[in-house]
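Copied over from TrEMBL, here are the features:
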ACT_SITE  Tyr49  active site, proton donor
BINDING   His109  substrate binding site
DOMAIN    17-217  domain 'NADP-dependent oxidoreductase'
SITE      Lys78  site 'Lowers pKa of active site Tyr'
Amino acid sequence: MAMMMELNNGLKMPIMGLGVWRMEGKSIRDLILNAIKIGYRHFDCAADYKNEAEVGEALAEAFQTGLVKREDLFVTTKLWNSDHGHVVEACKDSLKKLQLEYLDLYLVHFPIATKHTGVGATASALDQDGVLEIDTTISLETTWHAMEDLVSMGLVRSIGISNYDIFLTRDCLAYSKVKPAVNQVETHPYFQRDSLVKFCQKHGICVTAHTPLGGAAANTEWFGSVSCLDDPVLKVR
């Protein structure tokens, strides 16, 4: 039985989750099914990972073969920046790809709205100068109220935020009718976000750590940082 964290709406989320970022192609099926077999019950997805359909096929197989029941899993996915003005459509698109009737958790992936590129498309539109094209007509408050509608529609059980700093989290608490259940942020031994984590916990928002091992391959590629797994201070001998 997976260890659980109770969210501020009374629902429970497995503490350990498997993120599917960078999972590609046919390998996803075996990764998902094997993860379920060894005890994973929480899967963290996103439209921007461009693999929701493959994850959905693996989940469908798990349900059809009796490996696990839908109610035994906690599935998270995320609203991409270009869909802030199309929240319901984007959520339904993710549900269709994941072959699910509801999401356990839906997050605003980043606190920024960019030019719409088509529901389900996760391109980052650039202007003529090659700069990210921000949509200044959509506020984060507008986006959040659309997220709240997903709960009342029964499409989503819990909603949350991701990559919000302490000030944006505070603002979300001020304008929300349904409080964010989760804030998923980068936090790991190299970047502990102590003030943000304490603020969220004080206000009943569960903190989910993404890149909990310091980014590993991604941050090594992008920033030249050492993976926590290779850090002599952190290695378990």
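Heads up, the Cβ atoms here are built off N, Cα and C, so glycines get one too.
Just so you know, TrEMBL annotations never went through curation; they're auto-generated.
Location within the structure of each feature annotated in TrEMBL.
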residue	record	Cβ within 10 Å
Tyr49	active site, proton donor	21
Lys78	site 'Lowers pKa of active site Tyr'	26
His109	substrate binding site	22
Problem - Cα-Cα distance linking His109 (substrate binding site) and Tyr49 (active site, proton donor), given in Å to the nearest integer - result: 11
Completion exercise
Whole-number Å distance separating the Cα atoms of His109 (substrate binding site) and Lys78 (site 'Lowers pKa of active site Tyr') is 5
